[in-house]
Each structure stands twice: as C-alpha cells, then as structure tokens.
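First up is the structure itself, then whatever we jot down about it.
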Amino acid sequence: MGVRAPETLHEFEAVARGRLDPAHYGYFAGGAGDEVTLRANEAAFGRLALVPRVLRGAGRPRTGVTLPGGRAAMPVLVAPTAFHRLADPEGERATARAAAATGTIMIVSMAATVAVEEVAAVAPGATLWFQLYVQPDMAFTEAVVRRAEAAGCTALVVTVDSPARGLRERERHSGFHDLPAGLCCENLRDGGRVRPIVMSPEISWEHIGLLREITALPIVLKGILHPADARLALDHGAAALLVSNHGGRQLDAVPATIDVLPEIVTAVGGAVPVLLDGGIRCGTDVLKALALGAAAVAVGRPVVWGLAAGGERGAARVLELLRTEVEHALTLCGCASVRDLEPSMVRRSC
Ligand SMILES: Cc1cc2nc3c(=O)[nH]c(=O)nc-3n(C[C@H](O)[C@H](O)[C@H](O)COP(=O)(O)O)c2cc1C
Ligand SMILES: CCCCC(=O)C(=O)O
C-alpha cells in the first residue's frame, strides 16, 4: 500500500488510482454526462454542518443498527458495485470477508464477478443482501432470486433507477468497454451461457408486485428520489427504501441524495427504514445522513478503492476507518447511539 498506509478514504482513492488499469479506474470512478450529480453528492455533504449536544454523559456510543435484512455493527453498509475482480483477483470474496470482519452487511451486486453462492461460502460470517436488476424474462429473474435465497441472502435490493444504462463519458474516454476474457457476471449464468444484464424501460410496479409474490425476502427498493415513488413503494410492500442516484452514474442532473433525503423521510413517515447512498466519504457524512432520518447509509466507490489498494485488508481498513470515525463523531456529538441523532443537529452551513 505504498510508503505510508492510507488514512482517509480520499487517500485510498489516490492509491487505488495508481494501481488500477486507467480504463478500470475510469469505469469505477466515473459518472454520467457532465458528472454534475457525481460531484453534487459529495459537495452537498460539505454544505451541511453538525451541531453537537454537550454534557450528556452518553458514554461510549453504540454504532449498531437493526434493519429488515439483519443487524449491522455499524450504520454503513457495502453498496452493490459490479466487477470486483477488476480491482483485486479475489474480487467479491475479499469484499465479503472484509464486510464480515467489520460486522456490516454487504449488498452483493447482480453483476458480481464471483457467484453469490461462492461469496457466501467463503465468508460464512457475512450478512449478505442481493441486488437485483429485474429482467424482463421473469422466469430467469425468479431463478436468480432463488439462487440468492439458497445462498442465504437475507434481503433483496431491487435497483429501480436503471430503465436504461447511464451515458458515461468518462468510462468511454478511458477505454472501458467490457470485462476482460476470463471474467463474467457469474450470477447471470444460465445453463451453458452467461446472459447479458438487460436494463429495460418496461419494468414497472407490476414487476415489484410479482417479486413480492415470488419471494418472502424483504424487498429494498434502491434508487428512489421522488416522494410520490416513496409512497408507491410502501403500497407495493417495500420493506425499506434506499435513496440513491446510483453514485451519479444514471441520469445526470438529478439532486444530491442528501438533499432529497428529508422529503423522502417525510413521505415515508416512519413506515419503513430509509437508507441512503452517494458521496459518503467520512464518518461525519454518515452522522449528517442519520440525523436527517436515514436508518443507515451505504458506500460504493470507497470499498472498491480499498479493494484495489490492498485487497481484503484494504477493503476491511476502509470499513474500519468509517466505523471508527462514526464512533468518534457520535462521541463528540454527545450521542449514546445513532438513535440520539436528530434533524436539529444538522444545519446548512453556507
Ligand atoms: C463501479 C460501480 C459499480 C456499480 N454497480 C452497481 C450495481 O451493479 N448495482 C447497483 O444497484 N448499483 C451499482 N452501483 C451504484 C452503487 O450501488 C451506489 O449507488 C453508489 O456507488 C453510491 O455512491 P458512492 O460511490 O459515492 O458511494 C455501482 C456504482 C459504482 C461506482
Ligand atoms: C451491467 C453492470 C451494471 C453495473 C452498474 O450498475 C454500474 O456500473 O453502475
């Protein structure tokens, strides 16, 4: 990991950048269009300030959270990201072990380069959720869901922000087109072939209803940005929502996730937990999201940077850094647990 081990998530990105094939770095780092939303996700956290409480005698804070798909030792989950074997030869196996080591939940991407069964087998201590792009062929979708269930996944995270793939200029310019020979989306195997992932504009709420009938797993809808959709998600039996703009990789010019979180939390009215991802880069970002009503957050790129910088140990270090930072920030905010955070403790700073 270079002369000095990276000590912040930004340092991990710098090390990862130096190690990755530039085309792969472009794929991981890039966003859609002019990357307005990609930048906005991080910048919006920078415009918020935390207002601590004092003299509460809170003691050492507890960082754990309970969610529909299980408990996590910290309120930071591993967001689903594709193609981990581009970052490290062990790929998703390493990520899952890192998640298990920090006691957090890994959301395994449907586009993982290690099969979900193998990810579960090599990291028996990990709580895994499975991310799904509903395929127009519902029989195949059901087969994939059955694999995730049999592997022991405890929730289904259905990504709903991808009726088409985002237009990613940086990815194109950096020369990333496809997985190299020898790697494929292992969860898309179907007999002797590997199916392509279809992102279809025909997927609708009806499909969510069908999924609800197919599986007893809690369904988390990932990619909700509009309060009306948050209410529809409740009508369709979602067990949780994940406010996400796909890390700025789908429609450019959508708002930063932290800026829409309060509206979604209001629309949901406490009926189900609301999670958030996009632009979380340190412990105080986590506290801001939790104070504004998120039950937990997820990180995408930072885990990939950890993986590229130092494999399983690097990914574990990134998660451990976040855990330590969250605990420290909770202490300085006078909180005994994440439940003590509330909207009055966040203020727009400029
Ligand atoms: C390289 C990369 C691959 C991703 N792959 C997926 C995926 O397969 N499925 C999915 O639902 N989201 C995917 N996402 C979106 C992430 O789950 C998450 O929404 C986003 O990365 C959060 O933003 P952050 O990277 O700023 O933490 C991907 C994001 C990145 C950066
Ligand atoms: C077909 C893989 C899609 C991965 C993804 O969602 C992303 O790159 O953002």
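Keep in mind that glycine also has a Cβ here, set from the backbone N, Cα and C atoms.
Over in TrEMBL, the protein carries these features:
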type     : residues                                                        : note
DOMAIN   : 1-350                                                           : domain 'FMN hydroxy acid dehydrogenase'
BINDING  : Tyr27, Tyr133, Arg168, His246, Arg249                           : glyoxylate binding site
BINDING  : 80-82, Ser109, Gln131, Thr159, Lys222, Ser244, 277-281, 300-301 : FMN binding site
ACT_SITE : His246                                                          : active site, proton acceptor
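Distance from the CA of Tyr27 (glyoxylate binding site) to the CA of Gly279 (FMN binding site) is 17 Å.
Among the binding-site residues Gln131, Tyr133, Arg168, Arg281, residues whose Cβ is positioned under 6 Å from ligand 1 are identified as Gln131. Spatially close to Tyr27 (glyoxylate binding site) yet at least six residues away along the chain are Phe83, Leu86, Glu171, Ser174, Phe176, judged by Cβ distances under 8 angstroms.
Taking a Cβ distance under 6 Å to any atom of ligand 2 as the criterion, the binding-site residues Pro80, Ala82, Arg249, Asp277, Gly279, Arg281 reduce to Ala82, Arg249. Listed in sequence order, Gly30, Gly31, Ala32, Arg249 are the same-chain residues six or more apart from Arg168 (glyoxylate binding site) with CB atoms under 8 A from its CB. Within 10 Å of the C-beta atom of Arg281 (FMN binding site) sit 20 other C-beta atoms, taking all shown protein chains into account. It is 13 Å from the Cα atom of Gln131 (FMN binding site) to that of His246 (glyoxylate binding site). Of all the binding-site residues listed here (Pro80, Gly279), the one with the fewest other CB atoms within 10 A of its own CB is Pro80.
Rounded to the nearest whole angstrom, the C-alpha distance between Tyr133 (glyoxylate binding site) and Ala82 (FMN binding site) is 12. In this entry, Tyr27, Tyr133, Arg168, His246, Arg249 make up the residues listed for glyoxylate, with the farthest two CA atoms of the set 19 Å from each other. For Arg249 (glyoxylate binding site), the count of additional Cβ atoms within 10 Å of its Cβ stands at 25 [all protein chains shown]. For His246 (glyoxylate binding site), applying a Cβ distance below 8 Å and a minimum sequence separation of six or more within one chain yields Thr159, Asp161, Ser162, Gly166, Gly223, Gly278. According to its DSSP assignment, Arg249 (glyoxylate binding site) is coil. Secondary structure at Gly279 (FMN binding site), as computed by DSSP, is coil.
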